[in-house]
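According to TrEMBL, the protein carries these features:
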type	residues	note
DOMAIN	19-167	domain 'TNase-like'
DOMAIN	194-328	domain 'TNase-like'
DOMAIN	341-496	domain 'TNase-like'
DOMAIN	525-660	domain 'TNase-like'
DOMAIN	729-787	domain 'Tudor'
Amino acid sequence: MAIAAQAGIAAQDPSQPCPVALGAIPCVLSGCAIIVRGQPRGGPPPERQINLSNIRAGNLARRAAASQPDSKDTPDEPWGFPAREFLRKKLIGKEVCFTVEYKTPQGREYGMVYLGKDTSGENIAESLVAEGLASRREGIRANNPEQSRLAELEEQARSAKKGMWSEGTGSHTVRDLKYSLENPRHFVDSLHQKPVNAIIEHVRDGSVVRALLLPDYYLVTVMLSGIKCPTFKREADAEVPEPFAAEAKFFTESRLLQRDVQIVLESCHNQNILGTILHPNGNITELLLKEGFARCVDWSIAVYTRGADKLRAAERFAKERKLRIWRDYVAPTANLDQKDKQFVAKVMQVLNADAIVVKLNSGDYKTIHLSSIRPPRLEGDSAQDKNRKLRPLYDIPYMFEAREFLRKKLIGKKVNVSVDYIRPASSATDTVPAFSERTCATVSIGGINIAEALVSKGLATVLRYRQDDDQRSAHYDELLAAEARAIKNGKGLHSKKEVPIHRVADISGDTQKAKQFLPFLQRAGRSEAVVEYVFSGSRLKLFLPKETCLITFLLAGIECPRGARNAPGLAQEGEPFSEEATLFTKELVMQREVEVEVESMDKAGNFIGWLHIEGVNLSVALVEQALSRVHFTAERSPYCKALLAAQDAAKQRKEKVWSHYEETPVEEVVPVLEEKERTTNYKPVFVTEITDDLHFYVQDVETGAQLEKLMENMRAEVGAHPPVEGAFVPRRGDFCIAKFVDGEWYRARVEKVESGGKVHIFYIDYGNKETLPPTRLAPLPPAFSPRVLPPQATEYSFAFIQVPQDEEARADAVDSVVRDIQNTQCLLNVEHLGPGCPHVTLQFADSKSDVGLGLVKEGLVMVEPRKERQFQKVITEYLNAQEAAKSARLNLWRYGDFRADDADEFGYSR
């Protein structure tokens, strides 16, 4: 207890020789010394020590000074502790008045103390002497009424054999003080968390006290479980208080110091005893939090036996009112509207073991991360095979089990979301990747906290935070308790058993494995599957649990709008309603358990068949929603009638893909330039681009050197005089230069200008198209205009073949041509003119074999019958190749000759 030189307490009557002062008693030092506290003025009040005049009581025990190795513990003097207890019970917390009779040169003050507000109250010194707990000082003569009164009381006590005047040495009043515990943990456990009577002897700071445990006189330091107050730090031999440290200490002192209390000893941490102090007037732990003098601490809150939720609620009370240490507190969700803090949403996808995608009532999608938990992860150098790509879902122990737990519990269900904090975006470092802004929340369903359920099963761990980090789950203590249970019971990540291994074969795109697997799936009929990913409305990735493999699955019987594609150097926009079809499929089947019927596979190793979810055929559902058309291959399936009926209804409604539906117009007859004999004059060309309708662009090899020279000069010019960004205003038909993804400038023509800063351009020397912002365009210098060197990319189409109108079949043909001839040199011969561009035959430069004839042989395209006499020989060769492809049932012909009955409907003619 600090002693102030000046108490700052005004005397009641300055004219008196011994002025009377008032104060309260916070502490009794011994049977003849007390601490008197004044009134608070903007902080903890001043204090002064008053020693009782003319009497002496026994000294209390003192522990040997740690700085003096030769010193020894000093025990109580007989009747010293009873005298102290007499005063403690009589005075603590009471108001007294006192007079200072004299002061020693060392500053010790001696005086008389009276209980109450004036000297008519009980004289404390006389009461001590009357009870035989103190004696008159030796050498004091009874030469005044006060001393005579003391002498009289002492004689009465001596006659009555009270206290120190009783028979015997008084050794029974000497305490056997125990200053340390040999095994603190064993001592705490032996009490079984039963309340122990105690006296608070000293308050170090607001949350740490020194307590005397009764009746065995253990003197122990007790830290309040679950909280921490500001402390006093020692700097340069002086104690420097943290903000509100002195106020917190006074708050605890004024309520507990030298009070009779009960303490529940709850745990032991690094030789420090953790406990809760119970007082008839309340729980000091909760009071400190509620008044803003303390904060909750995670490492000890779990042992608090009165309920951690009460402590969190008290801390939250102080935070909301910004009391004391929380005066600058800003809640993690302070900037969110109430509707954004708590809402109900439908779970659409489980991203991993700690994140989900939900659909809000507004129809928007939002990614939610579960607060304060970490999904399973690889510890150390666990990835043994460096040559194999890591698949986190299957290769990280317990990641698959965690994902499956969330998927089965949440997919398609409505959940309650309570946002705890927003984790701001972070940039990448050498060891940590970049993260975008994350919304972290508590997600519950049916009153169950999903994060807590995950942790309790050992499928996730709880994050640890700095003590001042409030960006955490509102149910953080429950998460810690759940983790402790999981560790104790050896669940999941904490199990000592062998880690579960998931050997999942990914045969997506593996043609050889797919061929081997196809007969098995065909014989299996309906197989169970889980939809792992939705690429487009009709293209999905499935996990087959019984077969433990991943496959790419295409919906049979329908033709879905093709989605956007980002090919190298070409950003192609998706067809109308492609995004709607993808979204519909995602909402219906994403991560759901489904049944599939596999009918066949394509040449890329993708399986084709029917998918059912809860009795709904996904192909039929897409057609019903006018998000897909019926494909001609559906005619032999058992679902053909349902598909056609759904398509007819959609046509009648004229919705979405049928919004512009009209009767099929009469096919336009293209005039053909007749020649008597077929002329062949093959010239070398370089194929630069293949379009989706199987047209292609070529450069003349003979002018290639001129183009290279022009490009070199143009780039040098642009490098010497860089264009000003944004100076070029694009207009349709303008020639310009455009910066390609490789960072180089190329000649281009503006095809279309959209609002929002999108410009569609055509690279005139290469034939590819791209959509760019205006900032990547600049004026074409006149020295490099098309007048100097005409555009080098010329468009052509294959002669004698008919491109399939079915999108997937056409895509297969395009993919084959891209693999064979793009960016290669070929030989080109113009056969006849067409409505848009010349029709030609192409030959490989090395083998001289016909590229178009090769497509016919593979069954990727059909022959275009022509009646001109000069073409009959080559047409006959093409038709023979087509019959061979039909017989082998290759690609287009895998279901036989489909054109007989459906030629008009599907745009084919014989």
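The backbone N, Cα and C atoms fix where each Cβ goes, and this holds for glycine too.
Predicted automatically and left uncurated, TrEMBL annotations should be read as such.
Not measured: the values here are computed from a predicted model.
Counting residues of the domain 'Tudor' (729-787) by DSSP class, helix then strand then coil, yields 6 helix, 28 strand, 25 coil. When averaged over the domain 'TNase-like' (194-328), pLDDT in the model lands at 92. For the domain 'TNase-like' (525-660), residue counts in helix, strand and coil come to 41 helix, 52 strand, 43 coil, using DSSP. Secondary structure of the domain 'TNase-like' (19-167) per DSSP (helix as H, G, I; strand as E, B; remaining residues coil): 37 helix, 45 strand, 67 coil.
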